[in-house]
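As written in Swiss-Prot, here are the features:
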BINDING   C12, C96, C197  [4Fe-4S] cluster binding site
BINDING   H41, H74, H124, S225, S226, N227, S269  dimethylallyl diphosphate binding site
BINDING   H41, H74, H124, S225, S226, N227, S269  isopentenyl diphosphate binding site
BINDING   H41, H74, H124, T167, S225, S226, N227, S269  (2E)-4-hydroxy-3-methylbut-2-enyl diphosphate binding site
ACT_SITE  E126  active site, proton donor
Amino acid sequence: MQILLANPRGFCAGVDRAISIVENALAIYGAPIYVRHEVVHNRYVVDSLRERGAIFIEQISEVPDGAILIFSAHGVSQAVRNEAKSRDLTVFDATCPLVTKVHMEVARASRRGEESILIGHAGHPEVEGTMGQYSNPEGGMYLVESPDDVWKLTVKNEEKLSFMTQTTLSVDDTSDVIDALRKRFPKIVGPRKDDICYATTNRQEAVRALAEQAEVVLVVGSKNSSNSNRLAELAQRMGKHAFLIDDAKDIQEEWVKEVKCVGVTAGASAPDILVQNVVARLQQLGGGEAIPLEGREENIVFEVPKELRVDIREVD
């Protein structure tokens, strides 16, 4: 059985930065460190940080006075940010800079009194944080997930209207929604640069190339990871058997029985150790040496806050 690896796969710059912020805070300040929401949507990462003293909470009221608080990579609303400011807390922001870009787009639209439409998945923390950047009562902020949502939507003023997107959406699905928005609201204005992040786009492009060769595609990622779900869905749409797995233990032998080629990729919040474990399990089931496919090179790095820029090896 041939094993192919998608390229790129796994951690993106925003996830790397967010995890480093929590790790460095633990090294510098010691446990406990409070993190609002899972810092990234990966069970292995969250469990590892929890074992080292990170406490994951959903409400600022759960954080004691004088504590260290970190916002997750998904970002938070202005209301949450203001609540944290009102408390005796030391706050570090692990929001992905590419999510912050979308926040700024919404905030600008709010200041101008333009209504805004966000394309995203209801209930996702990134969506909640982005929607929470809009505060102008004279305007409006709306959420759509599909072309059907667009055709049902009514706004106050179609002449002053803009749209943004969640950063981890399906590129193809989002294109369909944007097409519907432009037909429904001809004067709507979009972002100068695509809101779907480079890592999401690159990983979807990579899984498309992977699925062209593999009969079965395994996506390493947690069930609550938006970008990981989109990878599995894309492979399924291409007619392949695709499975979203947290780790090697989730692999069922019948998935790869008599399969000649299996492809492996990982969502942007899944560490490479999990991919290595999956490959090892596939090799136990008859797989050969893993072959990485050619793909787009990624060299983007997002710096941690200057207060946390320390070599953790130097910290006792």
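Placement of Cβ uses the backbone N, Cα and C atoms for every residue, glycine included.
Overlay of Swiss-Prot annotations on the structure.
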residue: C12; record: [4Fe-4S] cluster binding site; contacts (Cβ under 8 Å, 6+ apart): C197, Y198, A199, A268, S269, E298, I300
residue: H41; record: dimethylallyl diphosphate binding site; contacts (Cβ under 8 Å, 6+ apart): G221, S222, N224, S225, S226, S228, S269
residue: H74; record: dimethylallyl diphosphate binding site; contacts (Cβ under 8 Å, 6+ apart): H37, T95, C96, V99, H124, P125, E126, G129
residue: T167; record: (2E)-4-hydroxy-3-methylbut-2-enyl diphosphate binding site; contacts (Cβ under 8 Å, 6+ apart): C96, L98, V99, V102, E126, D195, I196, C197, T200
residue: N227; record: dimethylallyl diphosphate binding site; contacts (Cβ under 8 Å, 6+ apart): T168, A199, T200, R203, G221, G267, A268, S269
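There are 26 other Cβ atoms within 10 Å of the Cβ belonging to C197 ([4Fe-4S] cluster binding site). Most Cβ neighbours within 10 Å among the binding-site residues S225, S226, S269: this distinction goes to S269.
Within 10 Å of the C-beta atom of H124 (dimethylallyl diphosphate binding site) sit 17 other C-beta atoms, taking all shown protein chains into account.
Take the mean position of the Cβ atoms of H41, H74, H124, S225, S226, N227, S269, the recorded isopentenyl diphosphate site; other residues of that chain with a Cβ within 8 Å of it are V40, E126, T168, N224, S228, G267, A268. For the [4Fe-4S] cluster site, the Cβ centre of C12, C96, C197 serves as reference, and the other residues of the chain with Cβ at most 8 Å from it are A13, G14, V15, A73, P97, L98, V99, T167, T168, Y198, A199, T200, A268.
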